[in-house]
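Quick look at what TrEMBL lists:
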DOMAIN    11-200  domain 'Thymidylate kinase-like'
BINDING   13, 14, 15, 16, 17, 18, 19, 20  ATP binding site
Ligand code: Z5A
């Protein structure tokens, strides 16, 4: 019997968009359909990747050059793909990932101003054409997200950025969604959580059905 490749789902969004609040909900939807799910995050997902995450989010290297930040994101991603994502997909498991390469376009491209073409070169090199099958973009006004996130613990190295940075991040995400309509679904994340989850369910259930049909 040939094993069908699993599917790769990513969840993206700006500060306080509610990724953490909704990832468990998405995992439950998948598992209820009998799908084996590997749940992971970026930067991180492997032992080495989590060490890189600490370097990226911590305050030890404040003033890190933007190129260094981008390269570290892709170093963690290369490890993540090689050690966790590709093996899981090849075993037929589905991978649900909290952020992926769209975040590099949004934060390092839009936020830090790195040329998109250079990010694309790294994407091609590290991913060799591999892209998510579905990306949920939790979108909300920047200030709403910052107000939500502000109620939490100490800010990390990204969370200390100014509003203009996060406006560029949001604009880049929306642009990516417009450029990749078959992969992206935009979820209005400014509404109360049950309404966000209703929208997610409307996207994820038909996606699961379509994929199981494709595998028949
Ligand atoms: N990064 C990058 O620059 N380049 C890359 O390539 C990658 C990442 C992969 C990783 O942080 C950082 O790395 C990130 C981008 C950068 N920058 N930052 N900051 P992360 O993804 O781990 O952290 P985060 O973006 O800050 O996510 P978070 O802290 O997990 O936030 P969230 O998951 O989106 O939100 P939440 O914790 O679920 O919700 C925030 C609060 O709002 C919480 O109190 C909830 O109870 C509340 N909430 C959630 N939904 C609602 C609704 N609908 N109504 C009301 N209140 C709500």
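Cβ from N, Cα, C; glycine included.
Given the structure is predicted, the values throughout are model-derived calculations rather than measurements.
Feature map: TrEMBL annotations on the structure.
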residue: 13; record: ATP binding site; Cβ contacts under 8 Å, 6 or more apart: 19, 137, 138, 139, 140, 145, 173, 189
residue: 14; record: ATP binding site; Cβ contacts under 8 Å, 6 or more apart: 106, 139, 140, 142, 145, 166, 169, 170, 173
residue: 15; record: ATP binding site; Cβ contacts under 8 Å, 6 or more apart: 142, 145, 146, 148, 149, 159, 166
residue: 16; record: ATP binding site; Cβ contacts under 8 Å, 6 or more apart: 140, 144, 145, 146, 147, 148, 149, 150
residue: 17; record: ATP binding site; Cβ contacts under 8 Å, 6 or more apart: 138, 139, 140, 145, 189
residue: 18; record: ATP binding site; Cβ contacts under 8 Å, 6 or more apart: 138, 140, 148, 189, 193, 196
residue: 20; record: ATP binding site; Cβ contacts under 8 Å, 6 or more apart: 98
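Listed in sequence order, the residues 138, 140, 145, 148, 149, 189 complete the 8 Å Cβ shell around the ATP site centroid, once 13, 14, 15, 16, 17, 18, 19, 20 themselves are left out.
Annotation note: residue 13 (ATP binding site) sits in a strand segment as assigned by DSSP. In the shown protein chains, 18 other C-beta atoms lie within 10 A of the C-beta of residue 19 (ATP binding site). Residue 18 (ATP binding site) falls outside any helix or strand according to DSSP and counts as coil. With a CB cut-off of under 6 A applied against ligand 1, the binding-site residues 14, 16, 19 are reduced to 16, 19.
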